[in-house]
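Record features (TrEMBL):
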type: ACT_SITE; residues: Lys181; note: active site, proton acceptor
type: ACT_SITE; residues: Glu188; note: active site, proton donor
type: BINDING; residues: Asn101, Ser127, Gly128, Gly129, His184, Asn185, Tyr189, Lys259, Arg286, Arg443, His449; note: substrate binding site
type: DOMAIN; residues: 177-465; note: domain '6-phosphogluconate dehydrogenase C-terminal'
Amino acid sequence: MYDFGLVGLGVMGRNFILNVADNGFTAFGNDLDAEKVNALIEEGGDKAKVNATSDVKTFVDGLSTPRKIMLLVPAGKIVDSVIEGLLPHLDKGDIIIDGGNSFFTDTDRREAYLKDKGINFFGAGVSGGAEGARKGPSIMPGGSRDAYQHVKPVFEAVSAKYKGEPCVAYLGPKSAGNYVKMVHNGIEYGLMQLTSEIYDLLKKAGGLSNEELHQTFAEWNQGRLQSFLVEITSEIFEQKDDLTDNDLVDMILDKAKQKGTGKWTSQNAMDLGIPVPTIDVAVSMREISALKEERIQADELYDRPTPAAVDKEEFVSKAEQALYFAFIITYAQGMHQLADASKEYGYELELGEIAKIWRAGCIIRAALLADITEAYQADEALRNLLLSPSFVEKVKDTVDAARELVGYGAANGIPLPGISNALTYFDAYTSSRLPLNLIQAQRDYFGSHTYERLDREGIFHTEWENK
Ligand code: 6PG
């Protein structure tokens, strides 16, 4: 009998199951594709430790109870059909874990459906890509706390470790795990957009070559910006193209694809009434990037200023500060969304725990997450990172560089929607008085929508004199 089952032996699934086997658990894989089954058997070596089959009944019967079956299949209808295929063979108390990027309401639906049948269902976000799955991902499980006890030893063993601590924790009931992973991806979109804007500035205004960009990002990765995304960015600039003599980055089409998780984060933030403008604009920029043909046409119609000369060294230093500032703001927005979603959906999320399991293994891992963890550990009820005393100096030290670069971008025709949105969010969030009193006046003027007052309680309406 195998300890752990895994359905879906694509790259992620194969790597995850080999990771499980490496950590002393026996594992059984399942995939309809015989080639994938054979590939795993071959790579796994010892069949007593890791084996695979295309037959669902053989697979389920080969697992010790309560069965722990993880699905690493594409989100959507496939998850439902895999569940239907497993169901006739399962026993009450068995556990199914969906490790894909499923939409959180799908997870709630599946959990309720399976609960009726006595099956425990987990939505567990898994981050870290193929390499993470093999060597240690960050895992974000949500579902029944009791059932999690059966899964915990495996997840703790296979997950990434931050100074010895596993990057996995039970996050909350229902779809808490998928929700947290969705927001992780929203933050991922934001950080990627910001990095691309800094690249644009350094290249167009700073005149940095790819080699210099490589060195700059590598250096930044040794400091407070240390993160997976900064690290891989540095490596990307070094890559030569196989097909031409150029650097690969210069040959890649500037149209970014998306599978939807960033968009879901943004959409849901709107539903909750939580502002996450840096994430919103990161999604919009992928959409603008897709309009390549129109962009080419429009480029012909409008002039663009030639970027003004800058002091290279100083510009690079400002870019580092602005990126750090905007990274903080992006995490702040994502964490703020999690805090509100937790109340709205009854997830009982502990934000300090979430920041903690993001410190290693996942795509948004960064030195900053150790500071974010501490900020939430110091105050679990923290409404926004910007309100944490430990972040005030970090922000104060770097915001002026963001102002300068945003001004430079606007004057010189370099689009910086992520950095400027981060700055605008900061300026608005830290303003005790915004001009939205005028919007209230307008609403009352044309639609008698009423308003509240600064000086007394109640709801007011005015018969506007010149109407
Ligand atoms: C991760 C990633 C991963 C995501 C990809 C692609 O945490 O390992 O978030 O889950 O699927 O990054 O996302 P897009 O195709 O939407 O960019």
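Including glycine, each Cβ sits where the backbone N, Cα and C put it.
What you see is a predicted model, and the numbers here were worked out from it, not measured in a lab.
Known features from TrEMBL, placed on the structure.
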residue : record                    : contacts (Cβ under 8 Å, 6+ apart)
Asn101  : substrate binding site    : Ala75, Gly125, Asn178, Lys181, Met182, Asn185, Lys259, Gly260, Thr261
Gly128  : substrate binding site    : Gly136, Pro137, Ser138, Ala160, Gly361, Cys362, Ile363
His184  : substrate binding site    : Gly125, Ser127, Met140, Gly334, Trp358, Cys362, Ile363, Ile364
Glu188  : active site, proton donor : Leu229, Gly262, Ile363, Ile364
Tyr189  : substrate binding site    : Gln258, Thr261, Gly262, Thr265, Ile279, Ala282, Val283, Arg286
His449  : substrate binding site    : Gln440, Arg443
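Each of the recorded positions Lys181, Arg286 was scored by the number of other CB atoms within 10 A of its CB, and the lowest score belongs to Arg286. By the rule that a residue counts when its Cβ sits under 6 Å from some atom of ligand 1, the recorded positions Asn101, Lys181, Glu188, Tyr189, His449 yield Asn101, Glu188. A coil conformation is recorded for Asn101 (substrate binding site) in the three-state DSSP classification, outside any helix or strand. Each residue in the domain '6-phosphogluconate dehydrogenase C-terminal' (177-465) has a pLDDT score, and their mean in this model is 98. The secondary structure of Tyr189 (substrate binding site), as reduced to three states from DSSP, is helical.
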